[in-house]
């Protein structure tokens, strides 16, 4: 079946956003990532071309949650970031877009998944070169984007750093990913797709080896969580189940043979370590701040304040849950998190892939306001038949923003 042109357009815009995710469009204290502009442009383009419709219930949900967040931020009586609220609305408003029902898009869904996996095979090859050129050719690491003006680069990210203290070999980020951990999660998602759908041995091997060059635990966590779902979902397919099992064995063997990765397994309790910054400190900070009193528990500290409030010298990279609860309290944070969670699990037809995207968005990185992470969700929504949501028998639940 011929793949609709807009689906290809969405993929190429997504690919462009991935390549430019380290770049900032507008410098300053509130930089605008290039990826955000591309994401917003992609959402507007598919809407104007009438390739999506706006599901009224989803639109009202997004706007309703937005009003709650504005209200809780105002009620705190503290200074808050209006830019953060605008940013959040821009990121999540396209979640109300769905592919119109009635279009025969089953093969298009498979095409969208295949494009993503193919894209990650390209980045896997780049990551393998990045690591191999250092480890085997003894070429010192050099960031090809390092010569660009710093004001046009996204800051506060560990783009790449040595695999262990004192090493001259740097972790792979395929040069364009914000951090090695981002690359590892994308590779893990592509690996899950390959094991479940296409089962191309070369692609699986490339993605596993490239995953190892990131020396990142988040990709391994992704695999540990999602592959059991993939095996259960494919028990009727012996080849898929065997490949999933072999992928687990290959990853375990790769980790077991890599002292630098094994050494990181106990980092979560080490203050200042990557694991502690991502998985321990944010939740401790949430316990200290969000549950300090009734006011902070209910309405939080206001938009953008999770990163501003300092109770000690510990650094934290806030995943979605602690960031939402600290900034918007239970009244605002829970509806926001539920909206994203429900959209993921109703918008993605494959349960293992939905679980993986949920983990990426909620736990594995500070993705609540991360454009490339949200664009990834939007991309997978866009390649689902009817957006993965139940079709309505009437267009009354749809809003055509393009007119007509």
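A Cβ is built for glycine as well, from the same backbone N, Cα and C atoms used for every other residue.
Taken from TrEMBL, the feature transmembrane segment applies to 32-48, 57-74, 86-103, 115-132, 174-196, 208-235, 241-262, 324-345, 351-381.
Between the transmembrane segment (86-103) and the transmembrane segment (351-381), three or more CB pairs separated by 6 or more residues in sequence fall under 8 Å, so the two stretches touch. At the 8 Å Cβ threshold, with sequence separation of at least 6, the transmembrane segment (324-345) lacks contact with the transmembrane segment (32-48), having fewer than 3 such pairs.
Most Cβ pairs under 8 A with the transmembrane segment (32-48) among the ranges 115-132, 174-196, 208-235, 351-381 are made by 351-381. Same-chain neighbours of the transmembrane segment (351-381): 10-11, 14, 17-18, 21, 33, 35-36, 38-39, 42-43, 84, 87-88, 91-92, 94-95, 97-98, 112, 116, 178, 181-182, 185-186, 188-189, 192-193, 196, 218, 221-222, 225-227, 229-230, 233, 278-279, 317-321, 323-324, 337, 340-341, 343-345, 387-388, counting only residues six or more beyond its ends whose CB sits under 8 Å from a CB of the stretch. Where the transmembrane segment (115-132) meets the stretches 57-74, 174-196, 208-235, the count of C-beta pairs under 8 angstroms peaks at 174-196.
When Cβ distances are compared across the two stretches, the transmembrane segment (174-196) makes no contact with the transmembrane segment (57-74), since fewer than 3 pairs at least 6 residues apart fall below 8 angstroms. A Cβ distance under 8 Å defines the sequence-distant neighbours of the transmembrane segment (57-74), meaning residues of its chain 6+ beyond its ends; these are 80, 85, 88-89, 92-93, 95-96, 98, 299-300, 302-303, 327-329, 331-332, 335-336, 339, 343, 397, 399.
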